[in-house]
Every structure is written in C-alpha cells, then in structure tokens.
Amino acid sequence: MEQRFVMKCGGSTLAALPDSFFADLRRLQAEGVRPVIVHGGGPAISSTLEKLGIETEFVGGLRKTTGDVLDVVEMVLAGAINKEIVRKIQQSGAKALGLSGVDGMLIQAQPVANAVDIGYVGDVTDVNAEVIEGVMAMGYIPVLAPIGIDGAGQRYNINADTAAGAVASRLGVERMIVVTDVPGIMKTVDGQKKVLPSITVAEIDEMIASGEIYGGMIPKVRAAVKCLHGNVREVVIVSGEEPNVLSRVVREGGVGTVIAGG
Ligand SMILES: Nc1ncnc2c1ncn2[C@@H]1O[C@H](COP(=O)(O)OP(=O)(O)O)[C@@H](O)[C@H]1O
Ligand SMILES: CC(=O)N[C@@H](CCC(=O)OP(=O)(O)O)C(=O)O
C-alpha cells in the first residue's frame, strides 16, 4: 500500500542533518513511501536580516514581517534553503523538486488574525493538492518553502509548522513527521528531563499553560492538533539526528513523541 507522509524540517536542525538522514529518505521512497517536505529556516532568515541591518522581532512566535523582511524571507526560504534541501536529496540518489507556496498557487493564504499588526504573516486558506500529487506521481519528492500567496498576488510569510500541518490535512496523509533539534516533547519528571513517548491534546494544553511547552514548540503542537481533526492519524515530533529516524517512525514507531488523533 502506498504510504504518504508530510515531513516538516525545521531550520533549527537543517544544517545538522547527516547524509544518512537523506539516504534513509531515499530508501523509503524506493520502497514506495511518498514523502512531501515542508521546510523552515527561521535561524537563516534571522542571520541574513542581521547582516542586512534589518531589524526583526517575534510576536507570539511569529516574525513581524514588513515588506523588506518579506523580501528576505522569500529569498532565504525559496532560494538558499529550498535548493540546499533539494541538492542534498539529489546527492542521496532520490529525485526532488523544490517549489515555494507561490508556484502553482500551492499554498494560498490570507493575513493571519492577530491582535497587533504583524505585517505580511499569513494563514493557509487552501493548498493546491493536485500539483503536489502530480509531482509525487512523477517520482519526485516535493520540497516546499512556506511562502503563501493570495488571489491578488500578495505574498505572505507563513510559519513552517503551520504550513506543513495545512499541507498534511489537505493531502489527507496518514502521518506528519516534525523533524527538529530535540528528540521530542520533553517534560521534567522527578527532577529529570524526559521525552514523552506520547501526549494527548489535553496534556498539550496543560503544558502550554504551565510554560513547559514554549517558544518554537507551540506552533508545532498547535499545527499537530489542528491537522489531527482531518484525516491525519498521527503527528510525530523527532530529532533529525536520531539514526534512521524516518524509517523507524514509518516502520516501527517508538521514537520521538506521538500525538495521535482520537
Ligand atoms: N516541552 C518542550 N520539549 C522540547 N522542546 C521544547 C519544549 N518547549 C519548547 N521547546 C523548544 O522548542 C524548540 C524547537 O522549536 P524551534 O526552535 O522553533 O525549531 P524548528 O526550527 O525545528 O521549528 C526546542 O529546541 C526547544 O527549545
Ligand atoms: C511567520 C513566521 O514566523 N515565519 C517563519 C518562517 C520560517 C519558519 O517557520 O522556520 P522554522 O521552522 O525554522 O522556525 C519565520 O519568518 O521565521
């Protein structure tokens, strides 16, 4: 049976992903698994903005995106980072095609609802699944940069976890794998930090309220909970540095933190 999954690759871990990570991805694809990648690149955007002397600020985990910031976000995500991932996949021997959400109206967006104005930050309104499925059917791994577009041609900066969750929901894939720089959702139990093998939606709410889930983990769990309302069966949060992490998630489980649908 064809198995499809959406993998979100965080900017926190991209540089650290070993060649074996991409070899594992290639093996899975050769076995008939169909991955779709949505990537971030927050740290690279921040360092490029700093080099250019453009100030950056996060409001509730989202980057305030002026017109100047938006230009840099697109340049870094749809340019350098997207092509770096495509190159690494190709080096592993698999085929990849890099696109941003602008191409083929892949990720359609509208301004995010926010109490204060944070500029050109978007929320996903629709995903052009036909194009993504077409790319997969040709045997290529789609690699998507989270830039959104609306009917008037306005671009938006979309948090990569949010974009990945929307793509997973729209494609109705079985699973979303969130690859980041920690081995899962961690909790301090009896003075020791432990990775939770699984977590419920109620526990997520409690951990956000208590501050045990904070910062960049918040958009991940929120995107997870949202996409579990659709066809997605589970979201797994893992470290990209764990050996053969993708095939372990797909074949056996027992790695990272699983958030499962009810
Ligand atoms: N309960 C938690 N368990 C693990 N990591 C957490 C937790 N709460 C917050 N975090 C933070 O979330 C970070 C991952 O999010 P982020 O830095 O945005 O990564 P990415 O670039 O992969 O999206 C971790 O490095 C950690 O600092
Ligand atoms: C609106 C918003 O905050 N967009 C993010 C997009 C990149 C991203 O989400 O990258 P990570 O997955 O590496 O965090 C940003 O500008 O940083």
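Yeah, the Cβs are placed from backbone N, Cα and C, and that goes for glycine too.
Just so you know, TrEMBL annotations are computer predictions that nobody has curated.
Feature annotation from TrEMBL assigns domain 'Aspartate/glutamate/uridylate kinase' to 4-239.
What TrEMBL lists as site 'Transition state stabilizer' is LYS8 (among others). In the three-state DSSP reading, LYS8 (site 'Transition state stabilizer') counts as strand. Cβ environment of LYS8 (site 'Transition state stabilizer'): ILE37, VAL38, HIS39, GLY40, ALA160, ASP161, ALA164, MET176, ILE177, VAL178, VAL179, LYS220 lie under 8 Å away, each six or more residues apart in the same chain.
The DSSP secondary structure for GLY42 (substrate binding site) is helix. Here GLY42 (substrate binding site) comes close to GLY10, GLY11, SER12, ARG63, ALA160, GLY216: these same-chain residues lie at least six apart in sequence, with C-beta atoms under 8 angstroms from its C-beta. Annotation comment: TrEMBL describes GLY41, GLY42, ARG63, ASN157 as substrate binding site.
LYS220 (site 'Transition state stabilizer') is surrounded by 27 other CB atoms, counting those within 10 A of its CB over all protein chains shown. What TrEMBL lists as site 'Transition state stabilizer' is LYS220 (among others).
Sequence-distant contacts of ASN157 (substrate binding site), defined as residues of its own chain at least six apart whose C-beta falls under 8 angstroms from its C-beta, comprise ARG63, THR65, VAL69, LEU70, VAL73, TYR120, VAL121, GLY122, PRO146, ILE147, GLY148. Under the DSSP three-state reduction, LYS220 (site 'Transition state stabilizer') is assigned to helix. The recorded positions near ligand 2, defined by a Cβ under 6 Å from one of its atoms, are GLY41, ASN157, chosen from GLY41, ASN157, LYS220. Over the domain 'Aspartate/glutamate/uridylate kinase' (4-239) the predicted model carries a mean pLDDT of 96. In the three-state DSSP scheme, ARG63 (substrate binding site) falls into the strand class.
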